[in-house]
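I have placed the structure first, in the form of structure tokens, so that the comments after it can refer back to it.
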Amino acid sequence: MMKVLVVVALLPTLISYSSSEGIDDLEADELLSLMANEQTRKECIPKHHECTSNKHGCCRGNFFKYKCQCTTVVTQDGEQTERCFCGTPPHHKAAELVVGFGKKIFG
């Protein structure tokens, strides 16, 4: 009877130990994934920075990815060039305003 009690007592310990190794492996995979996401985040173009050469490389904002917005600039010499920057489109600003207002009301 004593041997059965010892085995029953050790069984949950062994199960928790084996599952914790699986969790450690999962955490290591998540850490590698987060490091890869951080690397991509460093490569993206921040808000208000020029994106003329890479129009799809803008970073993510709070809720939406910034969009590359372009304008035509006329220099003093009279030549036209296109200049682009990463920014938040007006409809995204409105959505962020509504969500922020909703968070203040509903907590």
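Every residue gets a Cβ built from N, Cα and C, even glycine.
In the three-state DSSP reading, C59 (disulfide bond) counts as coil. Residues or ranges marked as disulfide bond by Swiss-Prot on the basis of similarity to another entry: C44-C59 (among others).
The disulfide bond annotation in Swiss-Prot covers C51-C68 (among others) and rests on similarity to another entry. Mapped onto three states, the DSSP output places C51 (disulfide bond) in coil. All chains included, 22 other C-beta atoms sit within 10 angstroms of the C-beta of C51 (disulfide bond).
The annotation disulfide bond is assigned in Swiss-Prot to C58-C86 (among others). Annotation note: C86 (disulfide bond) sits in a strand segment as assigned by DSSP.
Under the heading disulfide bond, Swiss-Prot lists C70-C84 (among others).
What Swiss-Prot records for 1-20 is signal peptide.
Each residue contributes its Cα atom, and for C84 (disulfide bond) and C51 (disulfide bond) those atoms are 5 Å apart. Less than 8 angstroms from the CB of C68 (disulfide bond) sit I45, C51, N54, K55, H56, G57, C58, C84, F85, C86, each of them six or more residues away in the same chain. Taking the C-alpha positions, the distance from C59 (disulfide bond) to C70 (disulfide bond) comes to 16 Å.
Here the disulfide-bonded residues are C58, C70, C84, C86; the one with the fewest Cβ atoms within 10 Å of its Cβ is C70.
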